[in-house]
Amino acid sequence: SMMLFCGQQERNERLFYKLLIDNVEELLPIVYTPVVGEACQKYGSIFKRPQGLYISLKEKGKILEVLKNWPERSIQVIVVTDGERILGLGDLGCQGMGIPVGKLALYSALGGVRPSACLPITIDVGTNNEKLLNDEFYIGLRQKRATGKEYYDLLHEFMSAVKQNYGEKVLVQFEDFANHNAFELLAKYGTTHLVFNDDIQGTASVVLAGVVAALKLIGGTLPEHTFLFLGAGEAGIGIAELIALEMSKQTKAPIEESRKKIWLIDSKGLIVSSRVNSLQHFKKPWAHEHEPVSTLIEAVKVIKPTVLIGSSGVGKTFTKEVVEAMTANNK
């Protein structure tokens with residue numbers, strides 16, 4: 001049914017969007033998470049005609065020309081991925097195209113952006129997924145991922161070409177990049193381009209809205225609360241940073257102060273200052289003074305958080321014991 005429905009997007013665009021808009025709740029899981037993940041995993045075998053624009057390492061030096069090949073001239077939104085961290089599924093390389101296509105369907109159905117003004121792009125720099133490299137139907141470059149200078153040069157050419165071809169106002173949404181690149185790209189282009197990372201910023205805005213709404217029920221102000229996160233990837237760090245920003249706005253205190261009310265746990269335990277040298281750069285601001293703590297339950301007992309947020313890909317971690325430890329410290 002998903003293939004029939006999503007095939008409708010090509011055959012009869014107007015009907016597709018009418019159907020989606022009238023049945024949003026029922027159809028969202030088909031157009032996007034989780035079914036879109038299945039579509040990405042099987043992308044090679046269901047590939048009929050390309051949706052979206054592929055830019056590969058082979059196009060280095062010619063990216064502007066490639067963009068000019070896209071028939072629509074006035075683009076408002078580009079959603080771009082490099083396929084390295086598709087949902088919780090990992091590196092799907094070129095087959096990640098389903099993500100920008102699906103996400104932009106939501107821009108049209110829910111945001112009212114006309115489909116012709118949306119451009120899905122996949123940047124193909126190879127894949128480290130052995131299964132895909134050995135799959136005869138894989139549609140992308142058969143090589144290990146380019147990294148370092150080669151990678152960042154290609155992205156720089158891409159970002160410059162986008163601005164040159166579509167103007168200053170085009171929105172570029174980075175989607176499903178591995179977190180080491182995601183934070184880097186957001187920081188690098190945030191000052192020169194209109195950029196947005198949904199995994200870091202979109203998720204964060206929705207969670208902050210939920211927390212602010214919850215405060216109306218439990219009372220108190222945001223800066224009075226202590227936060228503990230399980231998971232310190234793009235979502236966890238993104239949410240934590242936005243909460244800290246909002247705290248600073250309310251207290252007029254520097255962000256470094258606000259961050260001290262927020263603790264994060266990654267796969268190696270609580271992020272504390274003794275670990276600072278081995279931490280990825282985006283985790284460093286969250287390494288506070290505390291003795292090492294290895295488990296979630298222990299962290300709940302010693303940090304005594306008033307808010308517990310799960311942003312890890314591992315499920316079933318908020319056990320009965322963890323919830324009981326939370327309620328021991330909170331009404």
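Every residue gets a Cβ built from N, Cα and C, even glycine.
Annotated active site, proton donor per TrEMBL: Tyr32, in sequence order. Here TrEMBL flags Lys103 as active site, proton acceptor. Taken from TrEMBL, the feature (S)-malate binding site applies to Arg85. For Glu175, Asp176, Asp199, the entry in TrEMBL reads divalent metal cation binding site. As annotated by TrEMBL, domain 'Malic enzyme N-terminal' applies to 9-190. Residues annotated as domain 'Malic enzyme NAD-binding' in TrEMBL: 200-331.
Among the recorded positions listed (Arg85, Lys103, Glu175, Asp176, Asp199), Lys103 has its Cα nearest to the Cα of Tyr32 (active site, proton donor). Residue density at Asp199 (divalent metal cation binding site): 20 other Cβ atoms are found within 10 A of its Cβ, drawing on all protein chains shown.
For the divalent metal cation site, the Cβ centre of Glu175, Asp176, Asp199 serves as reference, and the other residues of the chain with Cβ at most 8 Å from it are Thr81, Arg85, Ile86, Ile99, Phe174, Phe177, Ala182, Asn197, Asp198, Glu234. On its own chain, Lys103 (active site, proton acceptor) has Tyr32, Val79, Pro120, Gln173, Glu175, Asp198 as residues at least 6 apart in sequence with a Cβ closer than 8 Å to its own Cβ. Compared over the binding-site residues Glu175, Asp176, the count of CB atoms lying within 10 A of a residue's CB peaks at Glu175. For the domain 'Malic enzyme NAD-binding' (200-331), DSSP puts the residue distribution at 75 helix, 17 strand, 40 coil. Summed and averaged per residue, pLDDT over the domain 'Malic enzyme N-terminal' (9-190) gives 91. Residue pair Arg85 ((S)-malate binding site) / Asp176 (divalent metal cation binding site) shows a Cα separation of 5 Å. Neighbour count (other Cβ atoms within 10 Å of the Cβ, all protein chains): 23 for the residue listed as '(S)-malate binding site'.
Using a 10 Å radius centred on the Cβ of Tyr32 (active site, proton donor) and all shown protein chains, the other Cβ atoms total 17.
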